[in-house]
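Written below as C-alpha cells is the structure these notes are about.
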Amino acid sequence: MVESEILIKELNLWFGNNHILRNITMPINKNKLTAIIGPSGCGKSTLLRCFNRMNDLIEGVKITGSIFIDGKDIYSEKTDVYALRMKVGMVFQKPNPFPKSIFENVSFSLQIKGKLNKQAISQRVEKSLRDAWLWDEVKDRLHTQAFELSGGQQQRLCIARALANDPEILLLDEPTSALDPQSTIKIEELLIELKKTVTIIQVTHNIAQAARISDYTGFIYLGELIEFGPTEKIFTTPKDKRTEEYLTGKFG
Amino acid sequence: MRAFKQTFWLTLIKLGIFITILSLCLFLFLIFTKGGKVISLSFLFEPPKEGMTKGGIFPALIGTLYLTLGSILFALPIGILAAIYLSEYAKPSVFVSAIRIAIKTLAGVPSIVFGLFGLALFVNFFGFGVSILSGALTLGILILPTIINASEEAIKTVPQDFREAAYALGATKRQTIMKIVLPTALPSVLTGAIISVGRAAGETAPILFTAATFYTRRLPKSILDEIMALPYHIYALMTEGTAPKFQVPIAYGTALVLLLLVLTINLVAIIMRYRIRRKKKW
C-alpha cells in the first residue's frame with residue numbers, strides 16, 4: 001500500500017441535530033487524486049470542508065473523531081487553524097476571485113503572511129500562475145480586474161491563488177461544474193499535472209470525471225462511506241450494491 | 001359601476017402624482033426666481049456688509065463646508081466600526097437588539113433635541129464652547145444612524161463567497177474584514193455617507209446652540225471658533241433682520257445656494273451608485 005499522508009478516523013459531524021457524516025474512516029494517499037462521489041446532499045462537500053476546518057465557521061456544528069495530516073490530528077486543540085488552511089488549499093464550486101486585480105488575487109495569501117518582500121511576492125505570483133497554466137494568458141494584464149477573465153480562467157486563477165501558499169493538499173469542491181466542456185478538460189489536465197507535487201482531494205458530481213482523472217474513489221451515501229478503493233476497482237467491480245446502482249445511474 | 005370605480009381610482013392616482021410634481025415645480029420656481037436675482041460670484045465670495053443688508057455669504061458657505069466635513073470625519077469611522085460589529089461580530093442577543101433599537105431611536109430624534117444635547121455635552125460639559133468642533137460633533141451624532149445603516153447594508157451585500165475564499169487561504173477574521181469585506185463594501189458605504197453629508201449641510205437646529213453665530217466678517221482660525229453657516233444664516237436674516245427689504249432677497253439667495261449644494265452632493269452620490277452597479281460583476 002502507498003504511504004498515506006492523510007487518515008480520516010471515525011469522523012462524525014452534526015449540524016444541530018442532523019447527523020451529516022457518520023463514522024467515516026478513510027485513507028488519502030500522497031500525490032494521488034482522490035475523488036469523493038455521491039448523490040447531492042450526501043455530505044461529500046461537508047466531508048471535504050473537514051480537511052481545512054471550514055465547517056468550524058458554521059454555527060451549531062459538532063465534530064468528533066480525527067483527521068491526521070502528517071501524523072498530527074488537525075482536530076486537536078493545539079492545531080493552528082490558519083496555518084492549517086495555508087497548508088490545505090481549497091477551490092470552490094463557483095469561481096470566486098476577489099474583486100481585485102489578478103495580481104492582488106494571487107498575492108493575497110502572501111500579503112497576509114507579510115513575510116515576503118515585493119520581489120519575492122512577484123516571483124511567487126508568477127510561479128503560481130505558471131503552475132495553474134494561466135501565466136501566458138494574463139502576463140500582460142496582471143493588474144486588470146479578475147472578473148474580466150472568462151469562467152475557466154477565473155477558476156484557474158482561484159487554483160493559482162491557492163497554490164501561492166505552496167499547499168501540500170488541494171481540496172476541490174466540484175471545480176468544473178460551473179464551466180463549459182473545454183474549460184473543464186483544461187482543468188482536468190491541469191489537476192493530473194498538479195498531483196505530481198500536491199495531494200488532491202476532489203468532490204464531484206460527475207461520475208465520468210471521477211473515472212477519467214482520479215486514482216482513488218470514495219462513494220458516500222447518506223453520510224456514510226459505502227466503499228473506498230482504487231478508482232479502477234470501484235468502477236469495474238464494486239462490492240456494494242448501492243455503489244453499483246449509483247455508478248450505473250439507478251439513482252443520484 | 002365597475003368602470004366608474006376604475007376611472008375614479010385612476011384619477012385619484014394621477015392627482016397624487018400631479019400634486020407631487022406641481023409642488024416640487026412651484027418650490028423650485030420660487031427659490032430660483034427669488035434667489036436667482038441676488039446670486040453672483042461676488043455673492044458667493046464676499047462677506048456680508050452693512051448690517052447684512054449687502055454683500056455675500058462667503059463666511060457662511062465656508063462654515064457649512066467645515067461643519068459638514070468635520071461631522072463626516074467624526075461619524076464615518078465610528079459608523080463603519082459600529083456597522084462591522086453589527087454585521088460581522090454581533091450574535092443575536094438582548095444586548096444587540098438593544099443597540100439596534102437605540103440606533104433606530106437616534107434616527108427618529110428631532111434635530112432640535114440634538115442641538116440641546118450638543119449644547120449640554122460638547123459646549124458645556126466638555127467645554128468646547130460654541131465652536132466648529134461642538135457643531136461638527138453634534139451633526140456627526142445626528143448622521144451616525146444613517147451611516148451605520150448604509151454601511152451595514154453595504155457590508156451585508158458582500159458575497160459570502162469572498163469571505164470563504166479568504167478564510168480558506170488562511171486569513172483571520174480581522175484580515176478578511178479589513179482586506180476583503182471592507183474594500184468591497186467601501187464604494188456603497190461612501191455613497192451612503194455622501195447622502196448624509198447632504199443632510200448635515202442643511203440642518204439648522206443642531207448647530208443653533210453649538211456652532212453658529214449670527215454674524216462674523218472674519219473666517220475661523222481654529223476649530224474652537226464659532227462660525228456662520230448657510231441654514232442658520234437664512235434663519236437669522238428672516239427672524240432677526242432690521243431691514244427686511246434688503247435682507248429677505250439675500251435669504252432666498254442663500255437658500256438657493258444651499259439647495260444647489262445639497263443637490264450637487266446628492267448627484268455625486270447618484271453617479272457613484274450608478275457606476276458601482278455597472279462595475280459590479282458578482
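The backbone N, Cα and C atoms fix where each Cβ goes, glycine too.
Because TrEMBL annotations are produced automatically, they should be read as predictions rather than curated entries.
The domain 'ABC transmembrane type-1' annotation in TrEMBL covers B:61-269.
Annotation source TrEMBL lists transmembrane segment at B:12-32 (among others).
Here TrEMBL flags B:57-86 (among others) as transmembrane segment. Below 8 angstroms of C-beta separation, residues 43-48, 96, 99-100, 103, 132-133, 135-144, 147-149, 151-152, 154-155, 177, 182, 189, 193, 196-197, 200-201, 207, 211-212, 216-220, 223, 227-233, 250, 253-254, 257-258, 261 of the same chain, each at least six residues beyond the ends of the transmembrane segment (B:57-86), sit close to that stretch.
The transmembrane segment annotation in TrEMBL covers B:98-122 (among others).
Residues 63, 66-76, 78-80, 82-83, 86, 103-104, 106-107, 111, 114-115, 117-119, 122, 192-193, 195-197, 199-200, 203, 206-207, 209-213, 220, 223-227, 229 of the same chain lie 6 or more positions beyond the ends of the transmembrane segment (B:128-148) yet place their CB under 8 Å from a CB of it. Residues or ranges marked as transmembrane segment by TrEMBL: B:128-148 (among others).
Residues or ranges marked as transmembrane segment in TrEMBL: B:180-201 (among others).
With a cut-off of 8 Å between Cβ atoms, the residues of this chain six or more beyond the transmembrane segment (B:250-272) that come close are 31-32, 34-39, 43-44, 48, 52-53, 57, 60-61, 64, 187, 190-191, 194-195, 197-198, 201-202, 230-231, 233-234, 237-238. Positions annotated as transmembrane segment by TrEMBL: B:250-272 (among others).
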